[in-house]
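S.K.: One structure, as structure tokens, below. Some questions next.
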Amino acid sequence: MDLYRYDIFDGKIKPADYNAEWWKYALEYQGICSPVTRSENDFDPGAKYHIPADVPYMRYFVSFIIQFQFHKAMCIAANHTGPLHQCDIDGSKAAGTLLAETLKLGSSEPWQIAMQKLTGSKKIDAGALLEFFKPVQDWLKAENAKNNVTAGWEGSAVCEQQDVVPTVAAGSSAAPGSSAAPG
């Protein structure tokens, strides 16, 4: 979604192409198509609050990664042994104290300092997220292999089957076949 917004700000997406480009980005990055044929008379991006309200979406992406870093740090404080996805910090005084001490900082320190206090690092790291979901990732890989299923999508072929391929308005400056995705 932010890529779509930034491409509008940079002038890469012209007003006549707002809707078609929205759906091109949705297809390329999310593998989804419009459920019905759309035109430039529609403004589907406006249905996502963050677009008309000019609210960056990156915060959700970053916070999703960081929450797993926090979870792992509190599991370590709670002396959890075993897979991360089985960690339960409920009732752990050590994990609670670590979180409370971090939260006491409030906005008095930059967020990187609070993250370092909790996790031992100022850097965002997706390792804990990958560790947490590794069992389901392994299961999905095995199931896909067993059932001869390939993950992903083949660009516009997905939407062509539904007859809802986004098209750029005639006379547009956007290159045919250019793509990107919301979110």
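Backbone N, Cα and C atoms are what each Cβ position is placed from, and that goes for glycine too.
According to TrEMBL, the record shows the following:
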BINDING   R59  chloride binding site
DISULFID  C75-C87  disulfide bond
S.K.: About how far apart, in whole Å, are the alpha carbons (Cα) of R59 (chloride binding site) and C75 (disulfide bond)?
M.R.: 24
S.K.: Within a 10 Å radius around the Cβ, which one of these disulfide-bonded residues has the most neighbouring Cβ atoms: C75, C87?
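M.R.: Answer by Cβ density within 10 Å: C75.
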S.K.: Within 10 angstroms of the C-beta of R59 (chloride binding site), what count of other C-beta atoms is obtained when all protein chains are considered?
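M.R.: That number is 11.
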S.K.: In three-state terms from DSSP, label the residue listed as 'chloride binding site' for me.
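M.R.: The residue in question, the residue listed as 'chloride binding site', is helix (DSSP, three-state).
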S.K.: Using DSSP and three states only, what is C87 (disulfide bond)?
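M.R.: Coil, per DSSP.
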